[in-house]
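Inspection log for the structure reproduced underneath, given as C-alpha cells.
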Amino acid sequence: MREHAPSILVATLSAAFGVSLLQVTGALATMISSAPGMSESGMVAFMLSLVGGVFIVIAVYVGAIVTANTFATIIAGRTRTIALMRLIGATASSQRRAVAREGLLVGVAGSVLGFVVGTAVTFALISLAVATDFVPDLAYGYLPPVIALPLLAVVLTTWLASWIGSRRVLDVSPIQATGGAQEMRHEVVAGRRGRNATAITLIAIGLGLLALGIVAGFATPLGVLPGLVGGILSFSGLVLGAPFFLPPALRLVGKALGRGAASRLAAENAMRYPERSSRTMIGLVIGVTLVTTFAVAAGSYQEILTQARLAEPEVYAGTEQLVTVTVGVFSALLGFSALIAAVGMVNNLSLSVLQRTRELGLLRALGFTNSQLRVMVVAESAQLTVAAVLVGLALGTFYGWAGAQSLLGSMYGGPGLIVPVLPLWLIGTVVAAAALLTVAASITPTRRATRISPVVASAVD
Amino acid sequence: MEISPGDIGLVARVTQLTKSYGGGSTMVTALDDVSVGIRRGQFTAIMGPSGSGKSTLMHIMAGLDASTSGRVWIGDTEITSLGDTELTKLRRRRVGFVFQSFNLVPTLDVEGNILLPFELDGRVPTAEERVWIDHLIDTLGLRPRLRHRPHELSGGQQQRVAIVRALGSRPDLVFADEPTGNLDSRTGREVLTLLATAASAYGQSIAMVTHDPVAASFAERIVFLADGRIVEDRGRSTAAEISQFMLGMEGVL
Ligand SMILES: Nc1ncnc2c1ncn2[C@@H]1O[C@H](COP(=O)(O)OP(=O)(O)OP(=O)(O)O)[C@@H](O)[C@H]1O
Ligand SMILES: [Mg+2]
C-alpha cells in the first residue's frame with residue numbers, strides 16, 4: 001500500500017475538494033437566503049449554485065484524470081514485476097483485476113480521508129470567517145446529503161481510473177522480465193491513431209459548443225451550460241491527445257534550456273517517452289488552466305460588477321463583499337486542484353528517476369559529477385514545469401474568457417464583448433508556484449539520484 | 001621516499017586492499033589484503049570463480065567504490081582520500097569502462113554515446129583525437145550506425161560502441177567487466193581481439209574481469225583471485241592451461 005500513498009493522497013484531495021465545495025456552497029446559499037436587504041437574492045443564489053455546480057463537475061473531473069494518470073505511472077513502474085508474474089504463469093487479466101482491486105481500495109481510503117479533511121477545511125474556513133465577522137454566524141449545515149455524491153464519485157472514478165490505467169498491464173510481455181535495458185517501450189507504440197482521432201473529434205465538438213455558449217451568452221447566462229460542456233469536451237480532447245500536443249511545447253522549452261551535457265540529456269529525457277512526460281505535465285497543465293480560467297473569469301466578473309456599481313449603486317450594494325468572499329473561497333478551493341497536480345508531478349518525476357537507476361549509475365561511472373546529475377534532474381523538472389505552466393496559462397486565458405463571455409455576456413449593459421482580464425497577481429503566483437514546484441519536484445529525485453552508486457552500472461541483474 | 005606507481009610502469013595499483021560488506025555475523029570479506037598493480041600498455045585479465053571478488057576489485061581500482069582499508073592509485077594519483085567530485089573528474093579523464101550490458105545511454109545515439117566523455121568534460125575532441133575516434137569507428141564498422149540509438153543495435157554492436165567510447169579519450173586505463181558475458185562466442189572473439197589489438201598496437205592499458213578461460217587467453221597477463229585473495233599471477237596462457245589451472249584451484253578449495 002506504500003506505493004499507493006500518492007494515489008490515496010490524490011483521491012483524498014479530490015474527495016476533500018468536492019466535499020468542501022458542496023459544504024461551502026451550501027453555507028453561502030444559507031447566508032444569502034438569510035441576508036437582509038438583498039433585493040435580488042434569488043437571482044444571486046441561483047447564479048451561485050450554477051457556478052457551484054460548474055466547480056463540482058470540474059473537481060470530479062480533475063480528480064479522475066489525476067488519479068488515472070497516477071495509476072498509469074504506477075503500472076509503468078511495475079512493468080518488470082508484472083512481466084515476471086506473467087513469466088511464471090499469471091494471466092494478464094488476473095493481473096489487471098488485481099490492480100483494479102487496489103484502485104477500489106485506494107478510492108475508498110481516499111474518499112473516507114477526503115470526507116474528514118474536506119469537512120475540517122470547510123469548518124476551519126467558516127469558523128475563521130465568522131470569527132473575523134466576515135460572514136454572519138448562522139446555522140450552517142455541514143452534512144448535506146449531497147456530499148455523498150463526490151465521495152461516491154471519487155470511489156468510482158478511482159476504481160475506473162485504476163482499470164483504465166491498468167490497460168497497460170495487457171501490453172506487458174513476459175519477455176520484459178528478462179531485459180532491463182528497455183523500459184516501457186510499449187508506451188511509445190500503444191495505439192496512438194484511434195486516440196488522436198478521438199481527441200481531435202472531442203476538441204472539434206467542444207469548440208463548437210463553446211462557440212454556441214458564447215453566442216448564447218449574449219442573450220442569457222444559461223449560455224454557460226453549453227459552454228461548460230464544450231469546455232469539458234474540448235479540454236478532455238486536449239488531455240487525451242496530450243502526448244500529441246504537449247511534446248512540441250516541451251521541445252520548445254527544452255531548446256531554451258541551454259547547452260552542456262546535463263541540460264542536453266535532461267532535454268532528451270523529457271522527450272524520451274512523450275506519453276510519460278505528458279502524463280507528468282498534464283496534472284500541472286490542468287491545475288494551471290483551472291486556476292487561470294477561474295482568475296480570468298472572476299477578474300472579468302469583478303470588472304463588470306465594478307461598472308454596475310458605479311452606474312446603479314443602490315441595486316448592487318453589498319455585492320462587493322459577497323464577490324470578494326466568493327472569489328477568495330473558490331481560489332482556495334482551486335488551490336486544492338493545484339495541490340493535486342503538484343502531487344502528481346512530484347510523484348511522476350520521482351518514479352521516472354527511480355526507474356532510471358541503472359542509467360544514472362552508468363553516467364556516474366562515466367564521469368557525471370553529483371552536481372551535474374543534480375543540474376540534469378532540476379533541468380528536467382524545470383522543462384516540464386515551465387512548458388506545463390505556459391500551456392496552462394494560454395488555455396486558461398481562453399477558457400476563462402469563454403466562460404465569462406457565456407455566463408456574463410448578457411449581464412449589466414446588455415450584449416457586450418468581455419475583454420479577458422489576466423490579473424497580475426495570477427501571473428506572479430503561477431510563476432512563483434512553478435519555481436517552487438520545480439524545486440520541490442526535484443528534491444526527492446535528486447536525493448535518490450545522487451545516492452546511486454556508480455557501481456550499479458556494472459550490475460548484471 | 002615512496003616509489004610512485006608510475007616509476008615502476010604501473011598504471012593502477014592497490015596495496016593491502018581489504019573490502020568487507022555488512023558487519024557482525026553477516027560480514028562478507030570480498031577482498032582480503034590484496035596488493036596488485038596493472039602494468040602500463042598491457043592487457044591484463046582478472047580471473048576467478050564466481051564470488052571471488054573480481055568485480056569488487058575492479059570497482060575499487062576504478063574509483064567506483066570505496067575500500068574498507070588499503071591504498072589505491074590511478075597513475076600517480078592516490079585516490080583513496082579523494083572527494084567524490086575529484087574522483088569523478090579523474091575517472092572521466094583517465095579511466096574508460098566497458099560493462100557486460102547496459103553500457104550506453106539510451107537517449108543518445110551512437111555518436112552521442114561515443115562523445116559523451118568529452119561532453120561531460122565540457123570540451124570537444126581535439127583534431128588529433130577526432131582522427132583517432134574516426135579511425136576506431138571505421139575499424140569497428142560503426143560508421144553507418146552513428147545516428148542509431150542503442151536499442152536499434154545488436155548486443156555485439158553495442159559492445160563495440162562502448163569500446164570506441166572507452167578508447168576514444170585515450171584513458172590511462174580501460175576497465176572491462178565481463179565485456180563478452182552477453183555475447184555469442186564469435187562476437188565475443190571479435191570484441192576480445194579488438195581489446196587485445198588496442199593493447200598491442202596502441203599501447204592501451206586494459207584490465208578485464210572474466211571467468212571465461214577463452215576470454216582470458218587473449219590477455220598478456222592473468223591474475224587469479226579466489227576467496228578475495230590473489231592466488232596466481234602468470235603471463236599469457238592458452239585457454240586449456242587456464243581451464244586446467246582453474247580446475248586445480250577448485251580441487252584445492
Ligand atoms: N553490495 C554487496 N553487499 C554485500 N556483499 C557483497 C556486495 N557486493 C559483493 N558482495 C560479496 O562480495 C563477494 C565478491 O563479489 P564480487 O561481485 O566481487 O564477485 P565476482 O568475483 O565478481 O563474482 P561473479 O563472477 O559472480 O561476478 C561475494 O561474496 C559477494 O556476495
Ligand atoms: Mg562480477
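Including glycine, each Cβ sits where the backbone N, Cα and C put it.
Automatic, uncurated: that is what TrEMBL annotation is.
Sequence annotations record features per position, and here TrEMBL assigns transmembrane segment to A:45-76, A:104-130, A:142-164, A:199-219, A:225-246, A:281-302, A:322-346, A:384-402, A:422-443. Among the features that TrEMBL reports, domain 'ABC3 transporter permease C-terminal' is placed at A:54-173, A:333-454.
Of the candidate ranges A:142-164, A:199-219, A:281-302, A:322-346, A:384-402, A:281-302 has the most C-beta pairs within less than 8 angstroms of the transmembrane segment (A:422-443). Proximity of the transmembrane segment (A:281-302) to the transmembrane segment (A:384-402) is established through 3 or more Cβ-Cβ distances under 8 Å for residue pairs spaced 6 or more apart. The DSSP breakdown of the domain 'ABC3 transporter permease C-terminal' (A:54-173), given as helix, strand and coil counts, is 100 helix, 0 strand, 20 coil. With a cut-off of 8 Å between Cβ atoms, the residues of this chain six or more beyond the transmembrane segment (A:384-402) that come close are 210, 213-214, 227, 230-231, 235, 238, 246, 249-250, 252-253, 270, 277, 280-282, 284-297, 299-300, 345, 349, 418, 420, 422, 427, 430-431, 434, 437-438, 441. Broken down with DSSP, the domain 'ABC3 transporter permease C-terminal' (A:333-454) shows 100 helix, 0 strand, 22 coil.
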